[in-house]
Amino acid sequence: MEFFERFAIPHPSPAIYASMVVIALTVIAIIAGLTYFKKWGYLWREWLTTVDHKRLGLMYIISAILMLFRGGVDAIMMRAQLATPDSKLLDAQHYNEIFTTHGVVMIMFMAMPFIFGFMNYIVPLQIGARDVAFPRLNAISFWLFFMGAMLFNISFVIGGSPDAGWTSYFPLAGTEFSESVGTNYYMIALQISGLGSLMTGINMITTILKMRAPGMTLMKMPMFTWSTLVANLIIVTVFPVLTVALAMGTMDRLFATNFFTSSNGGMDMLWANLFWVWGHPEVYILILPAFGLYSEIISTFSSKNLYGYTSMVASMVIISVLSCLVWAHHFFTMGQGAASNSFFSITTMAIAVPTGVKIFNWLFTMWKGKIRFTVPMLYSIGFIPLFTIGGVTGVMLAMSAADYQYHNTMFLVAHFHNTIIPGVVFAMLAGLTYYWPKMFGFMLNERIGKWTFWALSIGFVLAFFPMYITGLDGQARRMYTYSESTGFGPLNMLSFIGAGIMAIGFVLIVYNIYYSIRYAPRNIGSDPWDARTLEWATHTPVPEYNFAITPAVNSVEPFWDAKKKKHVLFPEPLKKIHMPNNSGMPFILSAIFFVWGFSFVFAIWPLVIIATLGIFACLASRSFENDHGRYISLEEVEETEEKLGGAKK
Amino acid sequence: MKELFPAKQVMGFVFSLILTAIALLVYFLDLSFTAGLTILVVTAFVQALLQLVVFMHAGETKDKWAIYGNVYFMILIAMITIFGTLFLFVWDM
Ligand code: HEM
Ligand SMILES: [Cu+2]
């Protein structure tokens, strides 16, 4: 009996029991549905074993949207709790767990897979490649991310969620103050999905450096590909720091080592240090691909090429270095001296300069352009002023002396949501709307899309701008309640209303997908937006080999040149095509990783050992496997191309 | 004969054993904390580069600029991280 007791939730509530029932019912419904419609084979052949970058990209995006809703429910609960003073809706412990899982889910399991989804889907198409450099490694990345996310998500029904914040500072996150297994989940789930991110980083860098179509020099790469390259360079640089920090934290919790303890020679501040050495570059890992998407969208819908291409590239490269030079601005108040604080203040302010350069480039791209106000463009236009406000408040926070006032108040919370929501979330929704026709062969409804944009923007302003004021008035972050005499009540109620309006916006997205599946016309061709870069030169639906003929590139916008300047995009004849084979190994390996992680969380050592052996068995079997891929015959290529409207347009 | 004998690899192997031995000495000799850690950091960096160049064949292909470019970038950031941390917690605390 004792063995099973630790799987129980330490702080149960009716809501958690209800979610247990819902989760169980959903799992049963999915299994029953798959069996009834005889879809198991289809699922295995077409999705679980696929190494196709497009399908992996879609699976990333679908997972990200699911996680957006999970994190969103946490957010609504937090705002509901804070809407009125002295609220009893949630207790302190429950509130702690919710803000922790909200942060982790949104950053690691919503924003990261969303950008990975776009990188996977679009980069090979943009550079004229058939797949990424290491397709099977790519599948392993996805499944590791997926299993990490699932492991993290089961924490709230088995054993209890982490409750030490998404930053998980020690000594609070140590065993002394966080007794439940929650923080073990944090350490291990992030470790597993972090491995996946690191592999994606290597994969994307190699793909971009080695697999560009002939003629595409580095300075002729589309901006989204450039942003992907820089973001992945940062990933490969800083994720190892997170890996090591998580490993040390895990050892502190499970093996009683003393890396981050406050006694026995440990140094708790070192965790905060290592966390932010990864954590600040991480926010740029998120924002750079978002910038890349905005660049594509703004240029397409202004019917102009991107202004200041070289300075766009240069500013990203400068950001990649600077973003690793500013991490201490997250703990100005930790007790170091004025010299180091001043240094990190100045580097932090400096990073606003290359960011500002990009803002001006987008404005100049729109300047005198023929602007089409489509949904993706609306998001991009909304992004510019809203994100700028976030950047400006960032510079306020960057002044270390002033930060003693702002630090860990709602002002900080307002700042980073002000950068992440208009910056990253809007970019993801803009990108989703923009690339939807390429992915699924029909457009999302524009009218509902515009409603969504306005709901999200108005909701965002109402939800987060009041926090700047309450923050300056002294409302601390991560406090589960406040007394009426503080006067924070009305503005927090306003925030709650804003959050509700945002929730309506997110529901509208789902409704839009449903509505468009039913009613949207399907005869939209392969280039519905009149776009400029190579991904739009493919057929819709994109055949598994992407391009029947490797495109020839002459400029940054080869597809535009093919349409307007008679550039010949596909000069060569059709040939047979070499493609990678599907494989079940990535899924199996990652499933074993899930078991490994779970048994690690609960310190079930025999199972840990068995799973570790299983992981090594998978790796070894790969070494002995002889897999040279397969060929799609010329006839088959011709047939597919014929059906899709011809290889040469 | 010369092409058949992997002299570079054998030398590399011996050298990496020596580096490991030096690092191990820190445990047996009675060094100061700073001296011991300096030896560990230096041998670790040399060891990593050795593995990269000799056994992972960096620099043997046409795209060696990309590989070395990445490595230099990583080293730069690693140095920033180490010295930044020392700045924060040792020299300015
Ligand atoms: C002009 C650019 C920016 C500057 C100068 C800036 C500055 C800062 C500073 C000084 C802090 C720490 C404040 C404190 O803890 O008291 C901070 C926190 C934060 N910033 Fe920014 N920032 C900028 C852009 C961004 C962007 C683009 C993102 C994300 C996409 C972002 C995300 C965050 C997050 C997530 C936190 C706080 C996390 C936490 O403590 O939980 N920032 N920023
Ligand atoms: Cu930061």
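Here the Cβ of each residue, glycine as well, is placed from N, Cα and C on the backbone.
TrEMBL entries are annotated by machine, without manual review.
If you look up TrEMBL, you'll see A:38-554 marked as domain 'Cytochrome oxidase subunit I profile'.
Residues or ranges marked as transmembrane segment by TrEMBL: A:58-78 (among others).
Residues or ranges marked as transmembrane segment by TrEMBL: A:98-119 (among others).
The transmembrane segment annotation in TrEMBL covers A:140-159 (among others).
According to TrEMBL, the feature transmembrane segment maps to A:185-209 (among others). For the transmembrane segment (A:185-209), the list of distant contacts is 100, 104, 108-109, 112, 116, 119, 123-124, 127, 129, 132-134, 137-138, 140-145, 147-149, 151-152, 155, 159, 161-162, 164, 168, 173, 221, 225, 228-229, 232-233, 235-236, 239-240, 242-243, 246-247, 249-250, 253, 593-594, 597, 600-601: same-chain residues at least six beyond its ends, Cβ to Cβ under 8 Å.
The transmembrane segment feature in TrEMBL is assigned to A:229-250 (among others).
Beyond the transmembrane segment (A:270-294), the same-chain residues lying 6 or more positions past its ends with a Cβ under 8 Å from any Cβ of the stretch are 107, 111-112, 115, 118-119, 167-170, 173, 223-228, 230-231, 234-235, 237-239, 241-242, 244-245, 248-249, 259-260, 316, 319-320, 323-324, 326-331, 334, 358, 362, 380, 383, 416, 419-420, 423-424, 427-428, 430-431, 434. TrEMBL lists A:270-294 (among others) with the feature transmembrane segment.
Marked as transmembrane segment by TrEMBL: A:306-330 (among others).
The transmembrane segment annotation in TrEMBL covers A:342-364 (among others). Residues 291, 294-295, 298, 306-308, 311-312, 314-316, 318-319, 322-323, 325-329, 332, 380, 384, 387-388, 391, 394-395, 398-400 of the same chain, all 6+ positions outside the transmembrane segment (A:342-364), place their C-beta atoms under 8 angstroms from a C-beta of that stretch.
Taking Cβ pairs closer than 8 Å, the transmembrane segment (A:376-399) reaches residues 294, 297-298, 301, 329, 345, 348-349, 352, 355-356, 359, 362-363, 366, 406-407, 411-412, 414-419, 421-423, 426-427, 429-431, 433-434, 449-450, 453, 457, 460-461, 468 in its own chain, all 6 or more past its ends. If you look up TrEMBL, you'll see A:376-399 (among others) marked as transmembrane segment.
For A:419-436 (among others), the entry in TrEMBL reads transmembrane segment. Remote same-chain partners of the transmembrane segment (A:419-436), defined as residues 6 or more beyond its termini with a Cβ less than 8 Å from a stretch Cβ, comprise 61, 64, 106, 111, 114-115, 118, 121-122, 283, 286-287, 289-291, 293-294, 296-297, 300, 374-377, 379-380, 382-383, 386-387, 390-391, 394, 442-444, 449, 452-453, 456, 460, 464, 509, 529, 535.
The transmembrane segment annotation in TrEMBL covers A:448-469 (among others). Tertiary neighbourhood of the transmembrane segment (A:448-469): same-chain residues 79, 375, 378-379, 382, 386, 393, 410-411, 413-414, 417-418, 421-422, 425-426, 429, 433, 475, 491-492, 494-506, 508-509, 511-512, 515, selected by CB-CB distance under 8 Å and a gap of 6+ residues from either end.
According to TrEMBL, the feature transmembrane segment maps to A:587-616 (among others).
Between the transmembrane segment (A:587-616) and the transmembrane segment (A:98-119) there are fewer than 3 Cβ pairs closer than 8 Å, counting only pairs 6 or more residues apart in sequence, which means the two stretches are not in contact. This prediction places the mean pLDDT of the domain 'Cytochrome oxidase subunit I profile' (A:38-554) at 94.
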